[in-house]
Every structure is written in C-alpha cells, then in structure tokens.
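What TrEMBL annotates here:
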- A:1-77: region 'Disordered' (REGION)
- A:94-112: transmembrane segment (TRANSMEM)
- A:145-166: transmembrane segment (TRANSMEM)
- A:173-195: transmembrane segment (TRANSMEM)
- A:207-227: transmembrane segment (TRANSMEM)
- A:234-250: transmembrane segment (TRANSMEM)
- A:256-275: transmembrane segment (TRANSMEM)
- A:319-365: region 'Disordered' (REGION)
- A:329-343: compositional bias 'Basic and acidic residues' (COMPBIAS)
- A:399-419: transmembrane segment (TRANSMEM)
- A:425-444: transmembrane segment (TRANSMEM)
Amino acid sequence: MITFMNNSDSEEEPCNERTSLMSAESPPVPSYQDGLQASEAGEAQAHRKRRTGSSRSPNNIADGDTSDSGVPARESALENEEEELTLKYGAKHVIMLFVPVTLCMIVVVATIKSVRFYTEKNGQLIYTPFSEDTPSVGQRLLNSVLNTIIMISVIVVMTVFLVLLYKYRCYKFIHGWLILSSLMLLFLFTYIYLGEVLKTYNVAMDYPTLFLVIWNFGAVGMICIHWKGPLQLQQAYLIMISALMALVFIKYLPEWSAWVILGAISIYDLMAVLCPKGPLRMLVETAQERNEPIFPALIYSSAMMWTVGMAKPDTAARGASQQTWDAAEDGRENHRSPLHADSEMSNTRSPGPTRPITSFEEPEEEERGVKLGLGDFIFYSVLVGKAAATASGDWNTTLACFVAILIGLCLTLLLLAVFKKALPALPISITFGLVFYFSTDNLVRPFMDTLAFHQLYI
Amino acid sequence: PALGLFLFTIARDPLRIIILIAGAFFWLVSLLLSSLIWFIAVKASNPQDEPLQKGLLIFGIIFSVLLQEAFRFLYYKLLRKAIEGLVSLSEDSCSPISIQQMAYVAGMGFGLTSGAFSMINLLADALGPGTVGIHGDSQLYFLTSAFMTMVMIFLHTFWGILFFHGCEHQCWWEITAVIIMHLAVSGSTFCNPLYMGSLVPSYLLMATAATWAYLLSGGSAQNLRRFLLCK
C-alpha cells in the first residue's frame with residue numbers, strides 16, 4: 001500500500017543502513033592472531049573432522065597451561081601448540097555457531113509457517129522499485145536484476161561510508177547511528193511482530209500491557225547489546241533481531257529479486273573481504289591494528305573473555321565449583337570485557353596462574369570464540385525462510401536448505417582454521433543453499449511425492 | 001525412539017554432531033542425484049503409460065538404493081582420512097573418536113535424514129483436518145508410515161555399522177549383504193498396501209541387522225545379561 005510505503009520511508013533509511021551495516025559485517029573475524037602460520041594446514045585431509053571433541057579439553061588444558069608464554073625461547077614450540085589447540089577446539093566452535101544459526105532459522109521458519117502476515121505481498125521497499133508483476137518472463141528477470149543492482153549498490157555505498165567513518169575515527173557518529181537503528185529495530189519491528197503473532201492466535205492484549213512488554217524488551221535489549229550484559233542474553237537478543245530483520249526481508253522482497261540478491265550478495269561478500277582494497281577487509285584490518293573490538297552490535301561472538309556465561313554444556317559435571325568460579329570471574333569481567341577474543345595467547349595465559357585453581361581448570365582457550373557477522377545470520381535465515389514460504393515441497397526443501405547451510409558453515413570454519421584470517425561466511429553456504437533449494441524443489445519433490453503416494457521407501 | 005537415541009548419544013559431543021550433519025548431507029546429495037535420474041527418465045517417457053511409470057519408479061528406487069550405498073562408501077573413505085588427521089593432531093596418538101562410533105553416527109545421519117524426508121510432509125498434513133483412507137486406501141496409512149519410517153531409521157544405523165565394519169576388515173560379503181538387505185527392504189515396500197508383506201520382513205531384517213551389528217561391536221550375550229541385571 002502506498003500509505004505504508006510512505007510511512008516506512010523515513011524508517012527504511014535507518015532500516016537499510018542497519019541492514020547494510022549488518023551485511024557489511026559479514027566476515028567472521030577470527031579470534032586468532034594473524035601472525036600464526038598454519039604449518040600443519042597442509043595436512044592430507046582437508047576436512048573439519050581433525051578437530052577433536054570437547055571431551056579432550058581437560059587433558060589438553062593441563063598440557064597447555066604448563067607452557068609459559070612469556071619465555072621467548074619456547075616461541076616455536078608455543079606456536080606449534082597454539083596451532084594445535086586452535087584446531088582442536090574447532091569442533092566446539094562449530095557447534096557454538098551451529099546453535100544460534102539453527103535457533104534463528106527455527107524462529108524464522110516457525111513464524112513464516114504460522115503467521116500469514118509475512119507471506120502476504122503488501123508492497124515493496126523503496127530499494128527495490130521494480131515490480132515483479134509483469135506478464136513476461138524476460139521482463140520479470142530484467143526487473144529483478146535491476147532491483148538487485150540497486151540494492152547491492154546501496155549496500156556498497158553504506159559499507160564504504162561506514163569504513164570511512166571508522167578510519168577517520170568518527171566513533172560518536174557511528175555509535176549514534178548504530179544506537180538509532182537498533183532502537184528502531186527493537187521497538188518498531190518487535191511491535192509489528194508481536195501484533196501479528198497476537199492476531200494469528202487471536203489473543204487479546206491491551207495497549208498498556210503491550211507498551212510495558214515492548215518497553216522492557218527494548219530497554220533490556222539496548223543495554224545488552226550496546227553495553228554490558230550476560231553473554232547468553234546478548235546472544236539471544238542478537239538472534240532475535242536477526243530473525244526480525246530476516247522476516248522483514250522475506251516479506252518485502254519480491255520473489256525472484258530475493259534469489260538474485262542472495263546470489264549477488266555472496267559474490268559481493270567474497271570480493272569485499274578478500275580483495276585487498278575491499279571495504280570489509282579494511283575495516284577488519286583497521287580494527288585489528290588498533291586492537292579494538294568491532295562494534296558489538298554488529299557481530300555475534302560465540303564467546304567473550306572471562307564472562308560469566310562461560311559455563312559450557314560439556315562441563316556439566318562441574319556443578320558446585322562453578323559457583324566459585326563464576327564469582328571469581330565476575331570481578332575480572334569489567335577489566336577484561338574491552339579485550340574481545342582478538343587477544344593473543346599471552347593475554348589468555350597470563351591471568352592463568354592467578355585464577356583460583358579448581359580441580360578441573362575451565363579451559364582458557366574456550367574464550368577465543370569465533371565471531372560471525374549478523375548479516376550472515378540474516379541472509380541464512382532469509383534463504384531458509386524463503387524456502388519455507390515459497391516452496392511447494394514444504395518441509396523437505398526447508399530441511400535440505402538447512403542442512404546445506406550448516407555444511408557450508410562447517411566448511412567455512414574449516415577454511416578459517418586453515419587460513420587464519422577474516423573470511424566471508426556467505427558464499428559457500430549460500431551457494432549450497434541455493435543449489436539445494438532449486439534442485440530439491442524441482443527434482444526431489446516430484447520423486448518424493450510419488451514415493452509417498454505409493455508408500456514406497458528408498 | 002530415533003530422536004531419543006540422538007539426544008542421549010550424539011548431542012553431547014560436537015564432533016559427532018558434525019559427522020551426523022555431514023552424513024545427512026551425503027544422503028541428501030545421493031537423493032538429489034537419484035531423483036535427477038528419475039526425473040529425466042520420466043520426462044523422456046510417455047506420461048500416460050501407467051505400467052511404464054510404475055516400472056520407471058521401481059527403476060528409480062533401485063538406482064537410488066545403489067546410489068545411497070555408493071555415497072555411504074564415499075563417506076566412509078572421507079571419514080577414514082579424517083581419522084588419520086585427528087590421530088596426528090591429538091597428543092597421545094589416540095583418536096578421540098573411534099571408527100565404530102563414526103559408523104554409528106554416520107548411519108544415524110543417513111537414517112534421520114531419510115526418515116525426516118519420508119515423514120515430515122505426512123506429519124504436516126496430519127495436523128490438518130481430514131479422514132484417513134477415504135478413497136478406499138488403507139486406513140492405517142499414518143500408522144504404518146510411522147512404523148516403516150522408524151524401521152528405516154534403525155536399519156540405516158545398523159547398516160552404517162555393518163558397512164563400515166566390512167570396509168575396515170575387507171569383508172566384501174558383509175558389504176554385499178548390506179546392499180542386498182537394503183534392496184530387499186525397499187522391494188518389500190512394493191507390496192504396500194498389503195502391509196503384511198512389507199512391515200514384517202522389514203522388522204525381521206532389522207532384528208537380524210541389529211544382532212549382527214551388536215556382535216560386531218564387541219557385544220555378547222554375557223554383556224547383555226550383565227547390562228540388564230545392572231551388574
């Protein structure tokens with residue numbers, strides 16, 4: 001509707017800035033120092049399975065702790081160990097990223113399947129002005145390509161703008177921009193979302209209650225994301241806003257444009273991160289030079305230094321001692337939180353001896369989690385959500401896309417362990433996802449339908 | 001039951017989850033290729049001809065079974081190489097996960113995906129209104145589908161163990177036995193909706209495979225007795 005589009009005009013500006021910011025932050029920043037060269041990277045197998053499970057971590061920690069980082073003579077041995085340790089925890093890191101991506105996708109798919117609002121076509125963003133209701137196929141294709149070009153150029157412009165601001169240290173401006181856009185996301189989109197969900201389930205809610213709920217939700221979200229907060233709550237909020245953003249995309253992007261945009265954005269991601277003059281690469285390098293964390297509002301980090309949320313599921317046995325450990329770490333949290341996982345081995349090791357020694361040492365290396373940009377979450381969820389919304393094969397296609405994206409993520413993390421620098425997370429996963437979507441929708445679906453009709457099993 | 005197995009045995013260890021998802025991926029790829037072949041065959045043939053369609057379907061299924069086993073073999077090769085890497089990386093030259101665990105998890109991956117793909121549309125439809133078997137089809141459609149899916153999931157798991165064991169010890173007859181069993185189970189579903197023909201043999205085959213896999217994994221009647229009596 002025209003009115004809606006007019007209303008959203010002013011909102012779409014920060015909306016898309018937010019989007020482009022988030023997609024600009026697509027590359028996962030490795031938490032390892034760039035200096036480490038993976039000598040063992042050239043191992044015979046090029047597969048992720050060389051990472052060991054978490055069950056081995058207690059043993060390895062004991063070994064790791066014995067080597068003191070301060071001694072330069074053991075530099076080479078330390079480096080070797082560092083590489084091994086980084087590769088070892090790969091499996092756990094992969095899972096730490098699997099879980100939030102899965103959660104985000106589940107939220108998006110659940111909403112798409114149940115709330116009809118997000119699959120109705122109620123107008124388009126001003127960034128995709130060409131409509132797709134044209135009769136001929138060629139015209140439609142042309143329109144979607146034009147839409148894509150416009151969208152991508154908007155994103156590129158925004159990204160370059162952000163990088164320039166960052167280079168010239170206009171931090172206040174960036175912070176203000178981020179705060180504004182996350183404000184809008186948290187309040188406005190949540191309001192719309194909640195309204196639609198309540199409508200679907202025919203639950204009545206009066207305005208004061210609604211106001212209270214949304215106010216609390218938004219305020220806590222702002223504090224969590226931009227300031228300090230428990231790690232899990234921050235992760236939950238990031239997942240929620242990614243899901244909301246993905247839902248907006250799914251609703252407002254026309255069909256073919258969405259697929260072409262997904263493809264184009266993975267190509268753009270590839271170029272922006274790997275080309276020497278790419279904006280994202282410059283952003284990451286500048287951040288690492290200055291040893292600063294990239295804005296917490298744009299990146300999902302699976303672990304933070306010394307935060308309370310380090311209680312890992314595989315340490316379930318650590319019941320009682322966890323309390324003491326948490327209390328001890330709390331004091332260090334304020335001191336440590338500016339140093340994100342980009343720190344070197346020495347930082348992680350030096351506080352080691354001063355920690356209260358419990359009988360099973362909480363592995364320090366776990367703090368070096370992997371970071372994934374929020375844009376990646378969003379586009380993964382857009383892919384799976386679109387598959388759920390538009391595929392006639394329903395759940396089969398959705399499942400196939402889900403598995404494809406997870407495998408792509410695995411492979412990307414493997415490459416990350418091999419190359420040890422920022423990598424684009426989008427291309428591999430999105431390629432797999434797209435391939436699987438189109439092939440499952442067109443090839444597998446008739447096959448499975450016929451099989452199910454005759455109740456034959458393969 | 002399969003979900004319970006998953007929760008208890010696999011969800012703890014991240015490496016196993018990765019292997020599971022990769023197994024699912026391999027099964028999906030095999031499904032993709034086999035449906036591609038079937039699709040081409042169908043398009044190239046006369047859509048009106050009923051027996052021909054049925055014949056093509058059967059051909060597609062057999063091809064798919066063979067492809068699945070081929071992919072299981074490929075997956076085995078990949079895991080083999082991965083284990084070598086893991087051993088070299090670990091500190092006490094002992095792999096954190098044995099090939100048998102991998103076989104179990106890989107089989108689970110295959111089974112869960114095949115089960116999910118078979119069942120999930122049915123489940124979604126089952127949520128909606130309607131009567132089962134209103135057009136003269138069997139009324140037990142959902143029930144039998146559920147049982148059949150469960151047996152397929154378990155079978156895939158056991159076949160995974162048997163297959164990997166066969167590859168490890170170069171027992172080619174084990175591998176051929178797995179392939180023949182798979183073909184037999186799929187073939188028995190051709191008897192549907194005469195459910196006696198498909199469900200009962202499948203369950204018998206599953207029991208056979210289960211005991212075989214159990215014995216291969218080092219179990220024995222004694223172990224079983226001790227476990228049951230909680231010694």
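Each Cβ is built from the backbone N, Cα and C atoms, and glycine gets one as well.
The structure displayed is predicted, hence computed values, not measured ones.
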Maximum Cβ pairs under 8 Å to the transmembrane segment (A:234-250) - stretch from the list A:207-227, A:399-419, A:425-444: A:207-227
Stretch of maximal Cβ-Cβ contact with the transmembrane segment (A:94-112) [cut-off: under 8 Å; candidates A:173-195, A:207-227, A:399-419, A:425-444]: A:399-419
Residue numbers, six or more beyond the limits of the transmembrane segment (A:207-227), whose CB comes under 8 Å of its CB atoms: 175, 178-179, 182-183, 186-187, 190-191, 194, 233-234, 237-238, 240-241, 296-297
